Protein chains: 2
Amino acid sequence: MDTSPMWYSCNCGGLLQLVQDFRALDVELLKRQFHERRAERHTLMASGVWRYKELIAPDLPTPYIVSRNEGNTGLYQSERVRSFTGVRQLWLKAQSENPSGSFKDNGMTAAVSHGRSLGYRKFACTSTGNTSSSLAIYAATAGLTSVVLVPDRDVALNKVLQTLAYGAQVRTFTGTYDDGIRWLDKYAEAEGLYVCNSVNPYRIEGQKSIVFELAQDLNWTLPDWIVLPGGALSNASALGKGLHDLYTLGFIDKLPRVAVIQAEGASPFHQMIASGGDALTPEVKPSTVASALNIGNPPSWRKARDVLHLTNGVTAAVSDNEIMEAKLLIDRSGIGAEPASAAAVAGLRKLVNEGAIHSEETAACIVTGHLLKDSDALRTYLDLPESIQHVRLQS
Amino acid sequence: MDTSPMWYSCNCGGLLQLVQDFRALDVELLKRQFHERRAERHTLMASGVWRYKELIAPDLPTPYIVSRNEGNTGLYQSERVRSFTGVRQLWLKAQSENPSGSFKDNGMTAAVSHGRSLGYRKFACTSTGNTSSSLAIYAATAGLTSVVLVPDRDVALNKVLQTLAYGAQVRTFTGTYDDGIRWLDKYAEAEGLYVCNSVNPYRIEGQKSIVFELAQDLNWTLPDWIVLPGGALSNASALGKGLHDLYTLGFIDKLPRVAVIQAEGASPFHQMIASGGDALTPEVKPSTVASALNIGNPPSWRKARDVLHLTNGVTAAVSDNEIMEAKLLIDRSGIGAEPASAAAVAGLRKLVNEGAIHSEETAACIVTGHLLKDSDALRTYLDLPESIQHVRLQS
């Protein structure tokens with residue numbers, strides 16, 4: 001057991017990232033292994049994260065790993081959603097099908113496993129919901145303690161209920177996600193807490209698996225664009241790092257471009273990029289119906305900026321109305337999504353309309369959270385009870 | 001297109017079942033194929049149902065099949081849950097990880113596909129929740145119309161919201177699940193509706209895949225007992241039919257015993273078995289916290305009785321308190337379940353305590369529905385807001 005404290009950020013103010021030495025890897029051999037491992041079930045290599053262990057945490061001893069068969073999510077094509085966005089071909093990668101119902105599980109399995117290998121027994125995060133329920137599920141699976149700090153407003157109630165049910169200690173506070181991050185930054189080490197927010201570089205390593213699986217699903221040829229919602233921006237950071245790995249190792253021979261979509265009410269990253277600036281001005285009062293995107297000071301903005309540079313990427317911001325319009329369509333297609341996920345589809349449509357993405361191009365959107373995660377949002381847009389017809393059954 | 005009407009029941013009052021001719025099948029070849037198909041993704045054979053097409057619907061033309069990558073669910077072992085039940089070894093098969101969040105998807109993909117092959121465009125069911133959201137997801141995926149009849153009380157709101165979101169026409173009525181079944185029985189054909197309740201024999205064929213996957217996961221050796229909750233009893237019927245197929249074909253060389261667990265407030269099947277009777281007396285006012293089990297006149301009781309005869313099976317009934325005690329434990333183990341699923345675990349514990357199941361035996365419980373499916377139940381037992389601590393973050 002390594003007892004040195006865990007560091008998450010650099011003296012420069014940015015976040016740390018793991019630099020891995022992949023020189024000894026044989027790509028063709030790995031491709032064959034990754035294919036064979038897909039036939040496994042209920043072993044570590046059956047996981048859609050740990051299947052790629054060589055690229056994620058090659059040195060982490062397997063007895064420490066807490067896995068829940070995460071990944072292995074559906075990749076869907078819906079003609080209705082495609083024609084709504086206007087691209088030639090569209091895939092939806094449903095990370096909503098993870099055990100806790102969101103993409104966070106891909107990274108959380110790596111972070112909790114790493115914390116265990118250091119000997120930690122108490123794990124913490126601050127969260128608008130999905131991170132906390134993901135942390136709670138992995139801590140519960142391993143018999144560890146989880147402590148989550150949740151802002152006392154603009155959070156989906158179902159996610160808090162889910163987190164509590166898995167046995168996490170839930171502490172609400174008056175403030176935003178960003179206040180919670182600052183508190184953990186100052187006090188976590190003293191309280192013996194291993195921090196599982198996306199400031200944790202192992203979260204990022206684990207989340208790379210989303211694009212690994214997407215690439216493998218598509219036989220190592222990615223679409224022209226990958227589009228994803230941007231809140232804390234860890235997803236964009238991880239995507240970029242995963243793409244970098246795949247490209248430099250030779251798994252793929254062309255980098256896709258990345259589009260990061262924010263909600264208008266919480267879009268400091270988009271505003272920075274759109275204005276050509278290179279320093280993020282936090283949004284002090286973030287506000288959007290997409291609770292998972294309600295983050296004014298995204299910790300991973302530097303990494304996400306680098307991803308845009310690497311991939312010639314773009315950003316967009318979409319209104320709450322545009323988000324809910326896209327959500328309705330994704331739900332009606334039978335795929336279903338929480339509002340944050342719908343932002344990616346709404347943003348893709350906007351970027352095609354603006355000409356930033358050409359209608360002859362192809363794209364994949366990451367569906368980040370399950371429809372059931374936010375039934376408050378459903379209740380609002382479904383206009384209950386008007387959408388339900390009461391009938392008298394003839395006898 | 002076959003335009004003959006669809007029949008669901010026999011003149012004897014019982015339900016129809018499909019009798020398949022498996023004589024030409026080569027079991028060793030199929031085992032190899034089933035293994036190889038597990039490496040597939042995003043093709044029909046990647047589905048945890050259609051992987052076993054030869055045993056489910058060999059003659060159904062594949063272009064009619066609507067699949068959502070269902071099945072491929074986790075098989076978990078939790079020491080906490082095992083020691084609670086008292087058996088030597090326990091597996092939890094998490095059908096809660098299906099796309100719509102319940103075991104119903106295994107059967108629904110088969111029923112909707114069959115209805116399509118007959119040319120139907122409108123699909124209907126009556127449901128306490130899980131069947132309706134499953135029907136809605138498959139109808140939406142195929143661009144078909146779904147109509148669901150939902151009792152106007154004792155139904156989990158989240159399931160109705162989910163069903164509406166996928167675009168189903170939801171009609172509530174004053175009455176029970178059983179009244180809805182009777183109405184469909186009389187009027188569906190005249191209204192051009194293909195009925196997707198478990199009276200539909202293709203539902204049963206599809207649901208057999210749950211035990212096929214469990215058997216394959218365990219390398220074709222099943223535990224001593226398979227324990228599952230009993231509401232409409234389609235799950236028990238399908239399990240029994242699947243076991244019969246596996247055993248007569250030679251995939252397994254020993255039949256496990258089956259235990260069907262009902263909620264005390266809706267336990268007509270258990271009462272019939274316990275009293276040694278051979279005719280079911282419906283429960284006129286079923287009432288249980290496990291909304292998915294709130295069924296007083298289970299349509300599949302004859303088939304379920306035959307399954308008990310085939311496997312030397314047993315039944316039990318558990319109280320709402322016992323259900324919620326087991327749910328708390330399953331949730332805290334990180335697996336999570338809706339109340340109905342917890343009934344299986346509670347019943348297993350009871351049967352071990354009563355000596356009907358020996359502590360040296362092994363068992364698998366089917367987790368039928370996702371924790372997020374019933375957040376009303378969470379809200380009740382979590383005792384909000386007392387379980388949440390409000391903190392002031394030091395700055």
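A Cβ is built for glycine as well, from the same backbone N, Cα and C atoms used for every other residue.
Binding of pyridoxal 5'-phosphate is attributed by TrEMBL to A:G231, A:A232, A:L233, A:S234, A:N235, A:T368, and the same site annotation extends, among A:N130, A:N158, A:N312, to A:N130. A:S234 (pyridoxal 5'-phosphate binding site) sits 10 Å from A:K104 (N6-(pyridoxal phosphate)lysine), taking the CA atoms of both as reference points. Across the fold, the C-alpha of A:K104 (N6-(pyridoxal phosphate)lysine) and the C-alpha of A:N130 (pyridoxal 5'-phosphate binding site) stand 7 Å from each other. Cβ proximity to the pyridoxal 5'-phosphate site centre (mean Cβ of A:N130, A:G231, A:A232, A:L233, A:S234, A:N235, A:T368, cutoff 8 Å) flags the following additional same-chain residues: A:F103, A:K104, A:S198, A:P229, A:G230, A:A236, A:A292, A:L293, A:I295.
Put simply, the two farthest-apart Cα atoms among A:N130, A:G231, A:A232, A:L233, A:S234, A:N235, A:T368, the recorded binders of pyridoxal 5'-phosphate, are 14 Å from each other. In the three-state DSSP classification, A:T368 (pyridoxal 5'-phosphate binding site) falls within coil. Under 8 Å, Cβ to Cβ, and six or more positions away along its own chain, A:N130 (pyridoxal 5'-phosphate binding site) finds A:S100, A:G101, A:S102, A:F103, A:K104, A:K159, A:A292, A:T368, A:G369, A:K373. Long-range Cβ contacts of A:L233 (pyridoxal 5'-phosphate binding site) within its own chain (separation 6+, distance under 8 Å): A:S198, A:V260, A:F269, A:P298, A:P299, A:S300, A:W301, A:K303, A:A304. Look at the Cβ of each of the binding-site residues A:S234, A:N235, A:T368 and count the other Cβ atoms within 10 Å; the largest number goes with A:T368.
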